[in-house]
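S.K.: Annotations for this protein, taken from TrEMBL, read as follows:
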BINDING   G58, S59, G60, K61, G62, T63, R171, G214  ATP binding site
BINDING   R84, K105, I106, V107, G132, F133, P134, R135, R175, R186  ribonucleoside 5'-phosphate binding site
BINDING   N139  CMP binding site
Amino acid sequence: MWRRAASLSPFISSSGSLIRNHQTAYNLKIWESFTTEIPTQVKGGKGPFICFVLGGPGSGKGTQCAKIVKNYGLTHLSAGELLRREIASNSEYGTTILNTIKEGKIVPSEVTVSLIQKEMESSDSKKFLIDGFPRSEENRAAFERIMGAEPDIVLFFDCPEEEMVNRVLNRNEGRVDDNIDTVRKRLQVFKALNLPVINYYARRGKLYTINAVGTVDEIFEQVRAVFAALKLVTE
């Protein structure tokens, strides 16, 4: 179980501010409503194993995450699912999240990080598969600053835009953001904001690019090749 530290002040300082100009008050209000205390590394000085899973809408991340969980025993945390759960709660901030998603914009980093944080705090697992986050450099910086940890590896499911659009429109899951206009907006935002994150982790030697075209099993064979060398996650 996570240990906790009491103070938030180091993470919301003038020198490390995550939010600028008119967004500051809004985002900090949301942050305060979600956050509990900041987790530090688990006892013994070693934090959990963290794998980020990145890819555009319809890239097949969710399907592959299910297979990773089955084969390697990681705990799957979907940023999108956590946000949708908050929307379904009909809370004030759920409505705000819904409107943000409808506009094809990124939900404030503090909101998503705090939802992920709560899930990790409540879990006895030390191996996490975090799906769909971070989607921007601000997301990445917020996670690493607030959680005090970096991912061990990052999987990027690389899929052509038209393939992703077709998959999203054909999956018929009844999601509010599964329409052509919103999907196009989401893809534009993804391409604009995700590339710096991908490049950052590539420079740090943590990025593994998966060709996300093919059958589910064909794609998973690429994933399996990555995890085969990571004895840590199967122990």
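Even glycines carry a Cβ here, placed using N, Cα and C.
Please treat TrEMBL annotations as automatic predictions, because they have not gone through curation.
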S.K.: Can you count the other CB atoms that lie within 10 A of the CB of S59 (ATP binding site)?
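M.R.: S59 (ATP binding site) is surrounded by 26 other Cβ atoms within 10 Å.
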S.K.: Could you state the whole-number distance in Å separating the C-alpha atoms of the residue listed as 'CMP binding site' and G60 (ATP binding site)?
M.R.: 21
S.K.: What are the non-local neighbours of P134 (ribonucleoside 5'-phosphate binding site), defined as same-chain residues 6+ apart in sequence with CB under 8 A from its CB?
M.R.: F52, L54, S109, R140, A142, F143, V197
S.K.: Just to verify a number: CA distance, R84 (ribonucleoside 5'-phosphate binding site) to G60 (ATP binding site), in angstrom, no decimals.
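M.R.: Pair distance, Cα basis, whole Å: 18 Å.
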S.K.: Which one of these binding-site residues has the most other Cβ atoms within 10 Å of its own Cβ: T63, N139?
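M.R.: In terms of Cβ crowding, the pick is N139.
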S.K.: R171 (ATP binding site) has how many other Cβ neighbours within 10 Å of its own Cβ?
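M.R.: Its Cβ has 13 other Cβ atoms within 10 Å.
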S.K.: If you measure every Cα to Cα distance among G58, S59, G60, K61, G62, T63, R171, G214, the residues said to bind ATP, what is the biggest one in Å?
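M.R.: Per the listed residues, the maximum Cα distance equals 16 Å.
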S.K.: Quick one: pull the CA-CA distance for T63 (ATP binding site) versus G132 (ribonucleoside 5'-phosphate binding site), whole Å only.
M.R.: 13
S.K.: Quick one: of K61, R84, which of the binding-site residues has the smallest count of other CB atoms within 10 A?
M.R.: R84
S.K.: Would you please pick out, from the binding-site residues G58, G62, G214, the one with the fewest other Cβ atoms within 10 Å of its Cβ?
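M.R.: Each of the binding-site residues G58, G62, G214 was scored by Cβ atoms within 10 Å; lowest is G214.
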S.K.: If you draw a 10 Å sphere on the Cβ of G60 (ATP binding site), how many other Cβ atoms land inside?
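M.R.: Result for G60 (ATP binding site): 21 other Cβ atoms within 10 Å.
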